[in-house]
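Student: Here's a structure for you.
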Amino acid sequence: MEALTLWLLPWICQCVSVRADSIIHIGAIFEENAAKDDRVFQLAVSDLSLNDDILQSEKITYSIKVIEANNPFQAVQEACDLMTQGILALVTSTGCASANALQSLTDAMHIPHLFVQRNPGGSPRTACHLNPSPDGEAYTLASRPPVRLNDVMLRLVTELRWQKFVMFYDSEYDIRGLQSFLDQASRLGLDVSLQKVDKNISHVFTSLFTTMKTEELNRYRDTLRRAILLLSPQGAHSFINEAVETNLASKDSHWVFVNEEISDPEILDLVHSALGRMTVVRQIFPSAKDNQKCTRNNHRISSLLCDPQEGYLQMLQISNLYLYDSVLMLANAFHRKLEDRKWHSMASLNCIRKSTKPWNGGRSMLDTIKKGHITGLTGVMEFREDSSNPYVQFEILGTTYSETFGKDMRKLATWDSEKGLNGSLQERPMGSRLQGLTLKVVTVLEEPFVMVAENILGQPKRYKGFSIDVLDALAKALGFKYEIYQAPDGRYGHQLHNTSWNGMIGELISKRADLAISAITITPERESVVDFSKRYMDYSVGILIKKPEEKISIFSLFAPFDFAVWACIAAAIPVVGVLIFVLNRIQAVRAQSAAQPRPSASATLHSAIWIVYGAFVQQGGESSVNSMAMRIVMGSWWLFTLIVCSSYTANLAAFLTVSRMDNPIRTFQDLSKQVEMSYGTVRDSAVYEYFRAKGTNPLEQDSTFAELWRTISKNGGADNCVSSPSEGIRKAKKGNYAFLWDVAVVEYAALTDDDCSVTVIGNSISSKGYGIALQHGSPYRDLFSQRILELQDTGDLDVLKQKWWPHMGRCDLTSHASAQADGKSLKLHSFAGVFCILAIGLLLACLVAALELWWNSNRCHQETPKEDKEVNLEQVHRRMNSLMDEDIAHKQISPASIELSALEMGGLAPTQTLEPTREYQNTQLSVSTFLPEQSSHGTSRTLSSGPSSNLPLPLSSSATMPSMQCKHRSPNGGLFRQSPVKTPIPMSFQPVPGGVLPEALDTSHGTSI
């Protein structure tokens, strides 16, 4: 018996030792703000203790330590305390800072560490970059899979074809986690904006309205149409509510909420509070079959955690589920360790001592855990070589619309780490939602956009016009119907003092109409409260004005030149004439002192002016001019007249061939500078606000709009403005009033006017346009915009424009019946050069005349010899008598007449005694001459001769001696000087038959006949 006892004692001791080692002690560290981690951990240990399939006789004990959030020092202290108690593994659920500190400790002590990362404040988590172990042995295992949100978001924006969007994140989110996403988005050419959201979300939106202008808010609203929210569910709900309340969100906005942890009730809250489309990305776990929903690997899970009807599961966070599966993974490893009988006893470790050695069973326990494979609440869990759990799956939910249930959520696709995206994220075409719908349309009568076509009693009004045609084309393409009615006040929409809106805009804001269409322009103020489609027609402001009446002028031939030019030309004619007269008088005085010549044709004032006028009209009339001064004067005058006549001809041709409306007002600048005509627009209209904004802008350098606004806003607009466009058109037709309004409207009024009495001028350049107004946040805006662009591409809009604004209508705006010459009269400054040329010529002529007078007077005084006297007629008579006395017996003069020319002879000195004149009756020779300035009649002498007498001189009645001019005495002394201003005086001799002249003339005489 004793021998049997001794033989069984070692076995009994071994069994006792195994039973003692079968008590499994686990340490746990949680943050104090995670109360559910503690409860779930205890629930997991309780479930495993009751499961005999995993641990038959083994019992799990645990020690839990609670630390502050993000306190690594406290985490290390509590972990050392647990190691002193002796633990087989450490399970933690903390942030990244505490996890890094615990990793270093567990790596040094060889204690397996199962780490579950928590979401910071419910915000999306970012990856924890754990420090690698120096010896390459990492004892920390990440139970929760790495963050894959960047991959999901990149695939999502790619599927949605976003090119520009904004990402909002809160203070709890580590923006460094987006670095990889931003790098990939940059390579794809995406425009990504980041904006941090403070905890006081209402303050964020309030600051936007205080720091941004209206244009900036409109751009910010466009940015919000595509947004990704990296916020907590509560933060996202508050953010969307503020965006909707401040009218920064619209029905065509698309919100993408990305967070691994969000419950179904939270999703529904987001969907119902948001305007537009909502997409939610969250992590999901595979659901088990109904008969196995509470069983995982033969492990019975508490119904609180596996039965959705209990409701407790919906309240758990993802970190709680991974914490439960981490305990299950440890229990599975302990079970396999016990089966393999490779159990290592727990050891008390003192991490403060330097001599403390790590647990020798840590490596074996770590390998067993890493080889484990379980299926828990989160699905499959196992660890790869990098100590991470790779299995993760995401669900992508999207909003749906229905007539019965309104807005709801449906599953669009899933994403997992192995297969990627499974499903389609493309938005369902919105056009299908309009099929069969009836929209309420509000409008305002405005020709030719909207007009009443028929008005039958008892039936709704029928409308026609350009905007109605566009609406019909959209209804046909999209398959919807519409009911149209007029705005009660007949206005487009203007913000009142109480911040409310009237007109069509007010109808949209109050939800009484789905859309508004007419000649409504897209303005920043209107776009802040309603949405607009793409413009279907450009907009500009024009001036409707009455055409000027036709003016007939019989003096239009004077139009090519300005009055000052005509005055200068009229003054130049007598000035030049007087100068020519003076020059001729000077020349005549000089000539009288020598020969007393006959006055020239320009010696009188009226004759000189007549010569000038003849040259001006290019008809001649001037006598021969030999003086240098006269030639300079006439040359300058001829050049002057050539330029003047050529310019007159060219400009007159321009006046006759180029003609258009001669209206003094052609631009807004012309309108602002005149005061004879009043002008205005419709009060409280878009045009009214346009001039107000331009006229009151201190940065506007052009003062034109400021002057226009002063006139338009006089007396609050009551003096010059009208209440409706039709009133303004009627007022412009009456005359003396310019109506400023949309070019499209006033052009139609001018084209269809019965009298064609008005025209449109002064188009302004504007970036505005006519669009379709919809309720703020309407989901149909993009659909209408797309169809409008299609109508533009196909040319259908151009066809509709030609229908209502024909190029050849009743009135032609390109030509006018009252067209007048549009050329410009040449001003005096344009002719200053030619008048300068004339003045220089006249001055030069005066100078030359003075020099010529001085030169000739001095030269004649010095060079005239005493013996070189000009013979007069008496000398000729005496010479002829002497010749006849000497040779009368045998010299005869031919019966032909003898003409003596080239004898411009001056008289002798008054004191000289003349020889008596002898008569030769028998020769019957007649001598005739004309003496200028001495007498007004001719003097003749007759010499008689016998009929048989002959003169052997080569003279005949038909022969004329050439005229001669001499300034020096000839060698034979027979030539006389002739004054350059005197004309040759012919002398005729009529011989009588029987007269005999001497046979030859004495060459010694100084008279030539």
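A Cβ is built for glycine as well, from the same backbone N, Cα and C atoms used for every other residue.
Annotations per Swiss-Prot:
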TOPO_DOM  21-562  topological domain 'Extracellular'
CARBOHYD  Asn131  N-linked glycosylation site
CARBOHYD  Asn200  N-linked glycosylation site
CARBOHYD  Asn422  N-linked glycosylation site
CARBOHYD  Asn498  N-linked glycosylation site
TRANSMEM  563-583  transmembrane segment
TOPO_DOM  584-637  topological domain 'Cytoplasmic'
TRANSMEM  638-658  transmembrane segment
TOPO_DOM  659-830  topological domain 'Extracellular'
TRANSMEM  831-851  transmembrane segment
TOPO_DOM  852-1009  topological domain 'Cytoplasmic'
COMPBIAS  943-954  compositional bias 'Low complexity'
Student: Among the glycosylation sites Asn131, Asn200, Asn422, Asn498, whose Cβ has the fewest other Cβ atoms within 10 Å?
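Tutor: Result for the glycosylation sites Asn131, Asn200, Asn422, Asn498: minimum number of other Cβ atoms within 10 Å at Asn498.
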Student: Please indicate, using numbers and ranges, the residues of the same chain that are 6 or more beyond the transmembrane segment (831-851) and have a C-beta under 8 Å from a C-beta there.
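Tutor: Beyond its ends, the transmembrane segment (831-851) has Cβ neighbours at 565, 568, 572, 575-576, 579, 583, 586, 627-630, 632-633, 635-637, 639-640, 643-644, 647.
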Student: Spatially speaking, which of the glycosylation sites Asn131, Asn200, Asn422 is closest to Asn498 (N-linked glycosylation site)? Use C-alpha to C-alpha, please.
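Tutor: Going through Asn131, Asn200, Asn422 one by one, the Cα closest to that of Asn498 (N-linked glycosylation site) is Asn200.
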Student: Between Asn422 (N-linked glycosylation site) and Asn131 (N-linked glycosylation site), what C-alpha distance do you get in Å?
Tutor: 35
Student: Three-state secondary structure of Asn422 (N-linked glycosylation site) from DSSP?
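Tutor: DSSP call for Asn422 (N-linked glycosylation site): strand.
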Student: Return one of helix, strand or coil for Asn498 (N-linked glycosylation site), based on DSSP.
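Tutor: In three-state terms, Asn498 (N-linked glycosylation site) counts as coil.
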Student: Reported as an integer number of Å, what is the Cα distance between Asn131 (N-linked glycosylation site) and Asn200 (N-linked glycosylation site)?
Tutor: 35
Student: Which whole number is the mean pLDDT over the topological domain 'Cytoplasmic' (584-637)?
Tutor: 64
